[in-house]
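The feature region 'Disordered' is assigned by TrEMBL to 1-26, 686-724. Taken from TrEMBL, the feature transmembrane segment applies to 133-155, 191-215, 235-256, 263-283, 329-351, 363-384, 404-427, 462-480, 519-544, 565-586, 633-654. Residues or ranges marked as domain 'TMC' by TrEMBL: 453-562. As annotated by TrEMBL, compositional bias 'Basic and acidic residues' applies to 689-703, 713-724.
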Amino acid sequence: MMELREFNNQVHPTPDYPSPYGSQHSLRLRTVPPQETSAVQFDWASPPEDAEDSNEPPNLRELPLHMGLKRAVWQVQQMKIPVVSSSWNIKQSQTFRRFCEVAKHVLSYFVLWKRGIQKIGGHFGGGVQSYFLFLRFLVILNFLSSLLIAGFVLIPSIVFRSMNFNSTIPTTVNLTGVEICLQYDPKPDTLMVFITYFLDLISGTGFMEYSYLFYGYYTNFNSMVESNGFSYNIPLAYLLTAAFYFLFCFICMIIRMGGTARVAVVTGGGATGGYSALVFTGWDHGLQEDRTTKLKQSNFRYRLQVDLEEERLKKKSASLTLSQTVSLYALRVFLNMVVLILIGATFYGIAKATQFSQLMKTTGFKGLVLQYLPSMVITASNFVVPLLCDKIALLEKYSASTTVILALLRAVFLRLVSLGVLLYTLWEQITCEGDISKQNCIPCNYYYDEYKCWETRVGQEMYKLTLFDFLITIATLILVEFPRRIVVDHCSCKLTQWVGRQEFLVAPNVLALVYSQTVVWTGALFCPLLPFINTIKFILFYFCKKITLFQNCQPATRNFRSTTSNFFFLLVLLFGWMLATMVLLYSVTKIHPSYGCGPFRFSPTMWEVVPQAAEMLNSTSAEFLFYMGSQKFSIPLFIFSCVLLCYVSALTSVHGKSVALLKSQCKLEQRDKQFLVRQIEELNATVQKEQREPQQPQRETDTATRWNQHDNYAFDRDEDPRPY
């Protein structure tokens with residue numbers, strides 16, 4: 001073997017005589033040198049070309065080899081034993097590697113809804129699958145948040161209440177003149193009829209109001225609980241748990257956004273190579289049914305139509321005259337004004353419905369309807385106004401992708417700001433329109449007559465929004481989607497066939513999840529168990545959406561065709577988190593807590609418990625914490641953050657230019673390949689044309705002359721080679 005390898009590695013000189021075939025002959029007539037073979041050869045000893053002094057084995061995924069040869073190469077790599085390593089280290093590394101593989105394989109069985117989501121992706125494609133992946137992310141996020149709140153707030157409160165550890169009013173608190181503000185007794189009567197229990201369960205009043213669900217139930221723990229050398233500060237734990245809950249959600253979103261942004265940057269955001277990516281890599285090979293395959297084909301057809309329509313609109317816009325351009329932009333400005341008027345009227349209706357609902361005092365079913373009036377108005381506006389905006393967007397003469405993006409932005413703005421309008425209206429009433437010196441806010445610094453425990457009232461509103469959203473989803477599934485499918489399947493008239501089954505639109509469904517999660521974040525401070533309720537709600541959402549997807553819906557033929565859609569949805573979720581964070585900061589730092597309920601009832605603001613707890617520490621720890629909150633630390637931190645942001649921005653710009661340069665090089669290489677292909681086609685056409693010409697009578701003479709002109713040293717020059 002060694003001799004054969006050395007012989008193969010030797011460079012054998014080529015013969016001195018030229019080839020009997022001229023350069024103008026066909027490429028098929030040229031012989032292949034004996035050193036080259038058609039099989040793939042792999043040099044076991046040579047390192048990769050781009051590896052300089054590297055002992056790492058080549059990545060098998062990057063090698064152009066079939067699976068059998070890759071398996072053989074992998075086995076050879078496993079047999080390589082480093083000289084400097086002992087056999088014990090090798091066994092340990094192999095054992096650890098096998099353990100990691102087994103652990104990864106075992107953990108894959110515990111992935112939530114793995115097979116169900118894979119089945120959804122196989123039947124309806126990756127677009128619909130992304131909705132359920134986003135839903136699973138929110139379920140896990142809410143579940144972990146529920147564990148955080150239960151571990152630091154709920155369980156300690158239950159334990160202390162069962163052991164009768166009740167804190168007393170601090171002696172430093174002056175309650176002169178505010179005795180009336182301490183009156184708060186929401187405990188219902190013991191004997192109640194079933195309908196009253198049901199109404200209390202739906203509205204969050206009665207026995208639900210004075211439970212662990214809402215802020216007002218934690219009244220007995222307004223200071224530190226001490227027993228046998230053990231102390232636990234419930235107010236501090238309540239506030240810091242809410243802060244860490246928001247921070248934990250923010251970190252999870254940033255990590256997930258980083259992954260989706262990385263994919264968007266690698267793929268170029270879908271902005272370049274659209275035709276090639278669609279034709280060569282756009283097909284979803286996980287589809288399993290003929291119906292979904294046809295829908296995927298129609299989706300491809302629609303996307304190509306969208307591309308062609310966008311190109312046509314670009315050419316048309318480039319050919320517009322000045323007067324036509326001015327009239328087009330004037331039309332768009334007018335239509336945008338109409339949209340803003342619709343959204344403004346919606347906000348005005350939400351504010352009036354909230355005021356009317358808070359002022360009216362009725363009981364029974366009528367009182368339940370009045371309590372749910374803001375939720376009804378918000379839900380109806382989120383359904384009607386986007387439809388009207390979509391119809392208006394058709395008149396703006398934008399491209400299809402721009403129309404979809406505008407519709408999504410308007411829907412996001414409507415959903416998030418409508419929730420902000422509801423909270424703003426509540427705070428205007430709680431704080432007497434921001435003027436606590438008014439008669440209604442004296443002496444409690446908030447509207448005590450109407451809101452004896454305003455934190456619980458805000459939590460009840462968020463609870464009703466969450467519950468009403470769930471009830472509307474179930475009602476739509478039972479009363480709309482199932483009857484529509486039955487009518488379409490059993491009626492053959494043209495109208496029902498034209499209407500067809502309901503399409504599962506990914507973007508509106510994802511925005512509904514974002515809205516629900518924003519409501520939970522907003523009410524988490526006032527309703528600590530709201531994340532747990534939302535976890536159960538999203539789990540039920542998964543099964544309901546899965547049932548209606550397989551039984552009633554079909555995939556949408558017009559998808560939101562952008563590789564950055566997942567990043568966009570997470571960005572919208574981040575906006576919802578920012579809105580909820582503003583609510584948290586305003587409630588903690590500006591509004592006076594209720595005197596009659598809650599763990600902060602004897603503090604001017606909720607934030608006051610933090611410096612009070614810091615003062616109870618030793619001097620070194622207290623000085624360190626106060627330094628962390630002072631300007632001496634915050635200003636340098638802000639400057640450092642700005643410098644770091646500028647560095648990251650510059651690095652991103654450099655990487656973007658590098659990506660653009662590589663894309664331009666790829667385009668040049670594609671042009672070079674096209675040029676070479678044309679040259680080969682012309683050469684083959686020329687050769688085929690010469691081969692079709694009639695044979696010349698002097699072909700033998702020309703061949704003999706050409707043979708004699710060759711310097712063939714295998715024969716003597718003076719000897720006739722014909723006898724040989």
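Just so it is clear, glycine is given a Cβ too, placed from its N, Cα and C backbone atoms.
Outside the transmembrane segment (565-586) by six or more residues, the chain places 130, 134, 242-243, 246, 249-250, 253, 256-257, 260-261, 263-264, 408, 412, 416, 419-420, 423, 427, 506-507, 510-511, 514-515, 517-518, 521-522, 524-525 with a CB less than 8 A from a CB of the stretch. When each of 235-256, 329-351, 404-427, 519-544, 633-654 is scored by its Cβ pairs under 8 Å to the transmembrane segment (191-215), the top-ranked stretch turns out to be 519-544. When pLDDT values are averaged over the domain 'TMC' (453-562), the model yields 84. Break the domain 'TMC' (453-562) down by DSSP state and the numbers are 83 helix, 6 strand, 21 coil. Long-range Cβ contacts of the transmembrane segment (404-427) within its own chain (Cβ-Cβ under 8 Å, at least 6 residues beyond either end) map to 339, 343, 346-347, 350-351, 354-355, 358, 374, 378, 381-382, 385-386, 389-390, 393, 396, 398, 457-458, 461, 465, 507-508, 511, 514-515, 518-519, 522, 560, 568, 572, 575-576, 579, 583, 586, 591.
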